[in-house]
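For reference, the structure discussed in these notes is given below.
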């Protein structure tokens, strides 16, 4: 027989109800018309029960439609009903199906009504399990009342706390009697709506434990965790069917591609001080979004007075740090008896294979075996624990021992050994035991680093005119154009309208430059002699660092005349030209625009919208904290080489990029690294990508393979709430959609300026320069591409490099390329958007056709009220919007959005469409495939052509009403318009509105299935479709 076990652990911070600053709480649990209760804890606002209540379930499938009601009462001594202390409702659909998957969780107590004064939380452990034996039946209500009376009797006789144990022992007799009762008729009670606990409160106390799993989670249950404490908010159930104008649930997609909520043991859930979390201090939340990982740190600082080991009278020392089978080596220093290494080694506590640390000093020998110099043994049981913000541990001198364990006469080594966590400042630069097979030269490719994008600016060049151009052919008037090169960017003006020696262009060209301004702007005036043949008439070199910076809207810098230098002129000729003081000239207005934001991402998921100038940036409004916890079920990316995957993560928000350390040969890596960003605009997106490191041991020209990517919009996150989920890592390949694993993240957005954050929604998305002096649309995509290339080039030159393929994947360089799959996705989005309008039209049609007479009568009444009192129309509309918004609040999304395979049309894309999407530009496919795709595009274009033609026809018919193209139709229309003008003038507006409204809402008995007269008249109007060839 299947059982439901509800373990009541404890409660904390309950509301005092007895008038003396205390309460005597007990817990009553009801499930499927079965009711049980715990013992009473007298005068205790933080009671502990540790009692298990068992209920009959029967079929586990019934859990999905059931609710577990947990209510806390104050046990009163005056034979009156207990006072309400709070309640919790838990949906049966989220109850774990085994004890191993369950964990102790803390639930905030909910109010019974709007004016209830309730606080505190309760710790529960709930799970379903098959248990052999007879059925267990909950006691009837009358027996429960008997138990309560017995408790009250004992409380009145033995109210002092020293006799409390006797009360508990006596109550156990009643509990045994309850367990041995026969099945009795339970009391019927209407099942109320259930709410599911999913999220984590940042202010309340409690740690993380394994949460109840939803139906989506049961397909991929998270690994069991240790029991822990947590604080959760409540989640409303799904919307009822048949509701009008409520949010439509998304289409169900493959459970494999869905989000899975987790509950890792994070320190952020153990906080109980509201002020501590609401202060927004960065240091207060350091490393509270990740699980603590303990490491043994060994800092090898230096050695002194080492003995001579070579015949030449010197030694080449290095240090070997050994712990079990793990061995780390320092670099060897040639001919140095007092070496200084300053290297740190980190050994994971989970993989400690010995209780004795061995540090050996050896002499490097190229020909024979390395010589033994001395060693030190350290017992790990005596290693101190250090956790920041503690000061660094001071290193100590250790005298070296020989192979027999005797102290040597010469040689000492300075070491510092401590046990710490990943929050230690030595963690990023330490040699890790899980990277033991990585050479020292490639060790930097596996470490965590923080990068910053270069500061980008727009360079504006206004080409105005040139004077005194001198072509090579004296009798020819030049056809001049201006070519400008800034870095690897090249632009050119159009040819002037008139060919002359003093041409004018008046064109503005935009470029992207970055700090430090090391580029040179090359402006050349060319004479277009023929197709593909240009002759340089002169050019000028302008250093970008000498260009004035324009901060914001204001006066443009004055244009300047620049001397054009002849391209083929030698130095002597140039000096002679300067003596003559004659040269061709060009008039340019050049400035660096600091008031714009340089777009290096798509505007749909941009992470930064601040202007380039630091002086124009607004203060931050919040803090974004990201905990990169772990991943699971990763695909072996190096399976062809007999290896698994060397994964690392990259996160990008604003101009800050972070890269986690690389974990070798791991399909379920655990990083547990936390990073922080300042937030200036909540309507931004953070991007996290997972990659396979192909340069662990000098991978050459191999590219780091992409495993998957996650994007989260900050505006969809609640403030001061911790989100922990497994995100699917989806990659679209020519063979179809592929899931490469799941990434576990912890996210928290903390608001530091509530007023500024709310005011941000009324401000422009981009700096005001984008609206006052907008950049032409045809230039934006080109400038964005150039900005992406500059960022990728600059980050690839860092050490260790953030490689170009990683940056391009994070920035979605190819997002603008044509994709039939993406086109279908956009069309599906439009149809989903218009579905609401379709539902409204269908609802109105049902009203007009009297499908529901009661609803139609109510609409008649409402219509007459609004016509008689038109001043109520706008208040009614806005009140309706308010009510709908409040109604949908119960069904608001409780999970952050993620990259949806169904919305992207990626789970059922045709293979040929994917092959076309991954095709190069220009195409590299055979001619027959290109012909087939062209024919398909023609077919799609024909359908679009038909729809556009129909829209044009309707518009032209409207124009034909007064154009006299059809004299009879126009005459009828203007006579009709005259009659209606007179009728409306002499008739009150309310009467006209009532007549029109009642006519539209008339009963079907007064309707005809034939088209109406206005529709017939409109369809007979002429259009230009018959004029087309």
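Glycine is treated like the rest: Cβ placed from N, Cα and C.
Taken from Swiss-Prot, the feature Ca(2+) 1 binding site covers 310, 316, 363, 365. Marked as Ca(2+) 2 binding site by Swiss-Prot: 310, 363, 365, 371. Marked as domain 'C2 1' by Swiss-Prot on the basis of sequence analysis: 1-111. The domain 'C2 2' annotation in Swiss-Prot covers 277-398. Look at Swiss-Prot and you will find 437-562 tagged as domain 'C2 3', backed by sequence analysis. The domain 'C2 4' annotation in Swiss-Prot covers 605-727 and rests on sequence analysis. Residues or ranges marked as region 'Disordered' in Swiss-Prot: 187-224. As annotated by Swiss-Prot, transmembrane segment applies to 864-884, 976-996.
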Cβ under 8 Å to the transmembrane segment (976-996), counting only same-chain residues 6 or more beyond its ends: which ones?
864, 867-868, 870
Can you tell which of 310, 316, 365, 371 has the most other C-beta atoms within 10 Å, given these are the binding-site residues?
316
Where the distance is taken from Cα to Cα, which of the binding-site residues 316, 363, 365 turns out closest to residue 371 (Ca(2+) 2 binding site)?
363
Would you mind checking how many other C-beta atoms are within 10 angstroms of the C-beta on residue 363 (Ca(2+) 1 binding site)?
19
Count, for each of 1-111, 277-398, 437-562, the Cβ pairs lying under 8 Å from the domain 'C2 4' (605-727), and report the range with the highest count.
437-562
Relative to the mean position of the Cβ atoms of 310, 316, 363, 365, the recorded Ca(2+) 1 site, which additional same-chain residues have Cβ within 8 Å?
309, 314, 315, 317, 364, 370, 371
Can you see whether DSSP assigns residue 363 (Ca(2+) 1 binding site) to helix, strand or coil?
strand
As a test of reading the model: what is the averaged pLDDT for the domain 'C2 2' (277-398)?
84
